[in-house]
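Listed in Swiss-Prot:
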- Ser58: active site, nucleophile (ACT_SITE)
- Asp353: active site, charge relay system (ACT_SITE)
- His356: active site, charge relay system (ACT_SITE)
- Asn13: N-linked glycosylation site (CARBOHYD)
- Asn48: N-linked glycosylation site (CARBOHYD)
- Asn131: N-linked glycosylation site (CARBOHYD)
- Asn382: N-linked glycosylation site (CARBOHYD)
- 2-27: region 'Fusion domain-1' (REGION)
- 138-297: region 'N-acetyl-9-O-acetylneuraminic acid binding' (REGION)
- 298-352: region 'Esterase domain-2' (REGION)
- 2-617: topological domain 'Extracellular' (TOPO_DOM)
Amino acid sequence: AEKIKICLQKQVNSSFSLHNGFGGNLYATEEKRMFELVKPKAGASVLNQSTWICFGDSRTDQSNSAFPRSADVSAKTADKFRSLSGGSLMLSMFGPPGKVDYLYQGCGKHKVFYEGVNWSPHAAIDCYRKNWTDIKLNFQKSIYELASQSHCMSLVNALDKTIPLQVTKGVAKNCNNSFLKNPALYTQEVKPLEQICGEENLAFFTLPTQFGTYECKLHLVASCYFIYDSKEVYNKRGCGNYFQVIYDSSGKVVGGLDNRVSPYTGNTGDTPTMQCDMLQLKPGRYSVRSSPRFLLMPERSYCFDMKEKGLVTAVQSIWGKGRKSDYAVDQACLSTPGCMLIQKQKPYIGEADDHHGDQEMRELLSGLDYEARCISQSGWVNETSPFTEEYLLPPKFGRCPLAAKEESIPKIPDGLLIPTSGTDTTVTKPKSRIFGIDDLIIGLLFVAIVEAGIGGYLLGSRKESGGGVTKESAEKGFEKIGNDIQILRSSTNIAIEKLNDRITHDEQAIRDLTLEIENARSEALLGELGIIRALLVGNISIGLQESLWELASEITNRAGDLAVEVSPGCWIIDDNICDQSCQNFIFKFNETAPVPTIPPLDTKIDLQSDPFYWGSSLGLAITTPISLAALVISGIAICRTK
């Protein structure tokens, strides 16, 4: 009788590459990077569609007769805007005659501002000030700053006030023979006797704790006063020095100008200029004292609830050709920590007219229709990869990818996978030994890395017959991994603390530090991914070897008494008893199908960060899926012996 020996043999040729892992190695026909680099999309987006609000003008106003051709946003996004054609936050604050006066108010964790162009040099607003750009700059900056600390904000368009009896509402020729609604101008008649200058003005206004349904913890108030070049300009009638001062309830000066103690400008002009400072005041009763003749009375404010920190995006607001714009919005946002600025690269070219419906702006604002994982000055990202080719400029919020070179991202095996015995050679070298246990990996692997370091490795369990190490020994190995990575992070933190010593209040130094921190985090994450890659390879290798043993067990069961297993994966069979069809039944039942495989691995990576920290990523958590489907094809080598 002729007996033959039949063995399972893993088939590997030159097309396979070897991948070393902790606990086992793999041959694979292909390989791929654990993550691909993502590229941010230019423009604005939001982290959560349910928690944002916008403030705009005709370019976001659905009631505009030319909508949607006049709009720079989609109809869906326009629903989010509080807008009115011709309006702006500053116009509603000051209320110059003949301009749109809109009640801006709303709530949202993320506030987007696309307005401001309606108060620009083209508007030609005078009222004792031919150029309002610096006041607009300070106003917009204050709005962005307070909006970033509040959930809700609202214009308060009527403050309670008490006006002295001797004054009446005044007008000005250079203000369309009217005057601003805020501050209101009150005058005191001193004629016919010019030497009688009238009385000092004393008025009161109250900043409310609530306006309608809006809570007010802090108000933005315009403290306006006249600036005279010399005492003689104001003192033509012998009325002393000019002053206009605001006091709080305790008598403390909070704003204004007092030429009784402060010098005049010394210039040669004979017409005063109005200056307005932006004050942040708590609710309460305030008094205004002014010299005779003129009283500028605060009658409006913007109120903020100051309940939570939030995000602010400011969109450049400029005219098309033929109209003069300013760049106060840009400068205000750039000088406000945490404000993200959206800027055009080309002139504004409208579709509905020269000033409405710009295609570039539509593209920049199209991201407002979506939810992003990360928003930054460099753009927005909604892909799940933790890496991007270029450093994302701050401010940035959400789960922002870190800068990395493509070649530094570890590769994992893919395609046809063949397990081999043994472990990574580096594990056997004492100097580079990372783990205390060689047989480390078992089952489904999920890694959670938190801000303080490794939070824990959570293990799924395989069926008892699957083999492998005990849960207790694996957990000890994972604890060692956690300690080693924690040491890596501690070293990084020590380096960061040293860098902190050279930081004062220099903005560029802070940005440089932020970049160094992100680079350190990127390197640390890449190092951790390298370890995870090795764990994955070992885990798959062990799982596939178990699959081969399961196949061998199935063959033994099918053979019964017809074949004798002489060594793992090898059988002796008598071909006089079991002919070719019999052998095919035993050994080739799975000839064209894959060997049973381990469940797909669902290892995930997700960069967690404080959503309101301008420096971005504060912690790392492994949460973006990498699914690896393993496939093994068995070959049968037949050795004939007499």
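Including glycine, each Cβ sits where the backbone N, Cα and C put it.
Location within the structure of each feature annotated in Swiss-Prot.
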{"residue": "Asn48", "record": "N-linked glycosylation site", "DSSP (3 states)": "coil"}
{"residue": "Ser58", "record": "active site, nucleophile", "DSSP (3 states)": "helix"}
{"residue": "Asn131", "record": "N-linked glycosylation site", "DSSP (3 states)": "coil"}
{"residue": "Asp353", "record": "active site, charge relay system", "DSSP (3 states)": "strand"}
{"residue": "Asn382", "record": "N-linked glycosylation site", "DSSP (3 states)": "coil"}
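Taking His356 (active site, charge relay system) as the reference point, the recorded positions whose C-alpha atoms are within 10 Å of its C-alpha, out of Asn48, Ser58, Asn131, Asn382, are Ser58. Residue with the densest Cβ environment among the recorded positions Asn48, Ser58, His356, Asn382: Ser58, by other Cβ atoms within 10 Å.
Predicted-model confidence for the region 'Esterase domain-2' (298-352) is 96, expressed as mean pLDDT. When the C-alpha distances from Ser58 (active site, nucleophile) to the recorded positions Asn48, Asn131, Asp353 are tabulated, the minimum falls on Asp353. Looking only at the recorded positions Asn131, Asp353, Asn382, the one with its C-alpha closest to Asn48 (N-linked glycosylation site) is Asn382. Around the Cβ of Asn131 (N-linked glycosylation site), the same chain contributes Pro121, each under 8 angstroms and 6 or more positions distant in sequence.
Asp353 (active site, charge relay system) sits 33 Å from Asn382 (N-linked glycosylation site), taking the CA atoms of both as reference points.
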